[in-house]
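Noted in Swiss-Prot for the protein shown:
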BINDING   181, 182, 183, 184, 185, 186, 187, 188  ATP binding site
COMPBIAS  1-20  compositional bias 'Polar residues'
COMPBIAS  741-753  compositional bias 'Polar residues'
COMPBIAS  773-782  compositional bias 'Acidic residues'
DOMAIN    168-343  domain 'Helicase ATP-binding'
DOMAIN    501-658  domain 'Helicase C-terminal'
MOD_RES   22  phosphothreonine
REGION    1-28  region 'Disordered'
REGION    741-782  region 'Disordered'
MOTIF     294-297  motif 'DEGH box'
């Protein structure tokens, strides 16, 4: 049976005429078409002029054989006439069939949809206005993608709108802003929404920018890439520069910089501050739509190379992110504002003359009333000026979305060995010479002595080399240590009050639940001791410090946050990973030693109480009772409350101590429960026993004088700490408070309720370097 007419099926036979196939449509050339049209015109003309059948063309002659058929044939052959007077056909035009539809401009997303976030409201045009306007001049709404607007919280919607209005110049004659929200409020998500909106739409129905550069610490480059993938569901790819050879890096950056197309495959460049500084020459050649600087407080010094390199970028849209408000130095404040909006405060000399000198004179103890009034006037003027481009919200907003957070400052007593080493060092000739060498500021010797005391407060192992070498201040100290003391062997927690307390608390946490713990220290040597303790107790752990590569850091964090992971401890160096890490797999955090800068400690302690946390959080800050660590804590509190100009650019606060300050640092009372509480001169306590609770409107962001004060383990919000106080016998005093309004039972075994009373959302202007604490009757200064 033949299936087709193909030659292989016909068997070589010729097709019969009845099987010949002629396609219905033949491609004719222009000349053939014109001949057909001419023949048709002649045929119709013959029909009109014919008077009898014999005059008709031959094909019609056989059908029109009667007068009736003749009449019908003439009607069909009648020429069409356009029913318009004096119509002249346009035979030479290029008109197409039908009417060309008018393009109507519409926003990319529906501005009337539920939860729609409209960043720009277009004019409400009438139909007559639309008809009379050029299509290219019609403006449309700018609406955030519903993929993002449906998950943004109220304060985040406000933040996205604020940043959009700033970078688009709708709030004034500037195009930069500072997002100064505290840690955990979703600054990254707000920036993702802003970047995605600017890359996809504008009021003119085209992208506002074609590419964006996001600069961050090296440890956060991968985190930014994950955030874009997470929130945009893979709709956009980023170019993340992390590692790689120099040749590949140069090639990738040149390709990114030179490409000006709006259809760029990777429109967002994620790069670290260090890498940007190295390859700034490539990135500064071409225009960039916008730059975002994460952890922007790194740019507080306008003289460093990174600041100068970023200022060379050819872009007017600049966004700076920083979770720590600039309170300590007006020069830092100027540097940050000048980076995002170079013309707002004038030059550095103008700022110093118009604002800084007046404000600093008003803060002097011997200032006149006129100078103080002038300082207040200038401060208000400066606040009003920079408020246009700075937005700041506190983490009190999170109380509506996160579990309760309990923060505790624990004063741990020094062990007898620590106590003897500490007092011997303070009485030594070394300290006396350090004080004698100080005139206006601390000498290098005094700074080294301060570091020695800080390490001794953590564990004698940290100064074992000084003891073995019998350095100045530690002569004959070898006799104080136990006979079997071996610093290179297994750690002995009993030699340190803080380590002893930590050991008891970790054991209780491990035994009574599945909570995970973050251990933070400023010294990698202390992390080594944490490791020894974890191995001794057989705790699973991971460690992140400055020696870990960027790629490995994200894997370590993901492993720890995995609920199925056996990692119990996360050991973190505050210098290497104190910013930006999300460690929500843990709900307990120990800040083992304080830093001179309160912002560093706050950044580090914000790692667990963040979006995604499901458990109540416990933050423990350990300080050695009466020691130099309490002095550091007092200065932290003093800076936060007074907002005074203490810390200079890129310098530690300890370099600015006067001789009197050093005398206070090197003072020590071994019998005191808490030097901090004594200096508060708390009116709510009688003989270190709290008689009156703190005001109802206070929380853990309030001054320490407004916290709960405990000289015994009654009334503590944490059963673990209450039990460890009894077992370890090394706790002398505790300050504690919670993150939100919540009743705390004052019983020995306190059960905490995680139901929190939501507080109203607060928008707070950035703190300025002038404040007054006279309204706080309990605050007596330090």
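Please read every residue number as a count from 1 along the shown chain.
Cβ atoms are placed via backbone N, Cα and C, with glycine included.
Taking the features listed in Swiss-Prot, we show where each one sits on the structure.
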residue	record	CB count, 10 Å
181	ATP binding site	23
182	ATP binding site	22
183	ATP binding site	19
184	ATP binding site	21
185	ATP binding site	25
186	ATP binding site	22
187	ATP binding site	23
188	ATP binding site	24
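A Cβ distance under 8 Å defines the sequence-distant neighbours of the motif 'DEGH box' (294-297), meaning residues of its chain 6+ beyond its ends; these are 178, 187-188, 214-217, 220, 224, 320-324, 326, 332, 336, 339, 579-580, 599. Residue 188 (ATP binding site) falls within a helix when secondary structure is assigned with DSSP.
Excluding 181, 182, 183, 184, 185, 186, 187, 188, which define the ATP site, the same chain contributes 323, 395 within 8 Å (Cβ to the Cβ centroid), listed in sequence order. Confidence for the motif 'DEGH box' (294-297), expressed as mean pLDDT, is 88. Within the motif 'DEGH box' (294-297), the DSSP-based counts of helix, strand and coil residues read 2 helix, 0 strand, 2 coil.
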